[in-house]
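Comments concern the structure below.
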Amino acid sequence: MNRLPSSASALACSAHALNLIEKRTLDHEEMKALNREVIEYFKEHVNPGFLEYRKSVTAGGDYGAVEWQAGGLNTLVDTQGQEFIDCLGGFGIFNVGHRNPVVVSAVQNQLAKQPLHSQELLDPLRAMLAKTLAALTPGKLKYSFFCNSGTESVEAALKLAKAYQSPRGKFTFIATSGAFHGKSLGALSATAKSTFRKPFMPLLPGFRHVPFGNIEAMRTALNECKKTGDDVAAVILEPIQGEGGVILPPPGYLTAVRKLCDEFGALMILDEVQTGMGRTGKMFACEHENVQPDILCLAKALGGGVMPIGATIATEEVFSVLFDNPFLHTTTFGGNPLACAAALATINVLLEQNLPAQAEQKGDMLLDGFRQLAREYPDLVQEARGKGMLMAIEFVDNEIGYNFASEMFRQRVLVAGTLNNAKTIRIEPPLTLTIEQCELVIKAARKALAAMRVSVEEA
């Protein structure tokens, strides 16, 4: 039976939500009621699949905690008052921590002036952020297009590459196996997970995938495309594959790909949506090899965990195809004042506190601890790997990975799997994680593995 619209119901629901937003704390009955409401509304109005996923990785097989607020800079608090060390980082958005006061203050100050731009007059913060990114990014990257997410950033990069290379008769894109570049139609064509691709086939034509980290496979693909007249417009890569399971390529791989792109006249697009903004121990992961892309994609941590923002930064030569008609690719909310304020504050915090260097130091500490655990539990752990504060623990099978996430949840440490590699649990905490919290995370992982071994032996 069709349901009639109800203004009264919508008004009551929105008023109830606003009342909750105003409250700093909830009493016990309010917490219980909120839990019930959230689970019901996810089931009936968001997507029940999310509930089943949360049930599979949380303690006791329930639906898990209902997130209510940030705790400290590196923790989350649920409606029951339980505090979790955040080792997921919202899949890489909380590089400067939760509710970083510098970022929050910048957004609040801008909100008091002008939350959104007119679209017709020039907006100062977009100009200032573009100038800042031109100074911050490597090589000849100069012009920025702003959007709201990593997927949008990749879409813009693909369209920009097409606009630049189409007059040259180059239409093919090369991506890599295990890649994740987003789920909109263009970005999904570069993504390499059949689960996400098959329901939407056919995707955009002209995309090929080669094994990640295999430079000879890349050369062969470029050669074959040239021989068949399918000349390559661009190669798109993640410096480290995040959703693929935190897969690091062999040393020198990015440098070699850059040389191949130059040799074949292909653009190099680096997707640093997850690896950028200090995550791997450098401001951008490509800086570990001093590689300079033609187009760079950013998002996630660029907004400081406070505002959504993405950016596509390109050289003047490439970006100039948009000069004659800047409306060829635009978005209403891209580069809005609140998002730009958050991004400018985030960059300031990263540089002022030297967080990329901290990511390298604390990442080494955590990775050493995880590798020691891998040696102690070879029956459970296949490998620990990573760079900076982007790490992964790969288990011997999918079930053990899920059990580890559940046990860590019991230890009040939040972790999660990767979308393209179910055996792998990602460790991606804020770069602001303290040394003491790093030690607590390693202890929690040891307790989790010990409990899992007991369960296996008892079974």
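The backbone N, Cα and C atoms fix where each Cβ goes, and this holds for glycine too.
Within Gln82, Gln108, Gln274, Gln382, the residue that Swiss-Prot lists together with Gly150, Thr151, Thr332 for binding pyridoxal 5'-phosphate is Gln274. Checking the binding-site residues (Gly150, Gln274, Thr332) against Lys300 (N6-(pyridoxal phosphate)lysine) with a 10 Å Cα-Cα cut-off leaves Gly150, Gln274. Neighbour counts of Cβ atoms within 10 Å were taken for the binding-site residues Thr151, Gln274, Thr332; the minimum is at Thr332. Lys300 (N6-(pyridoxal phosphate)lysine) carries a helical DSSP state (H, G or I).
In the three-state DSSP scheme, Thr151 (pyridoxal 5'-phosphate binding site) falls into the helix class.
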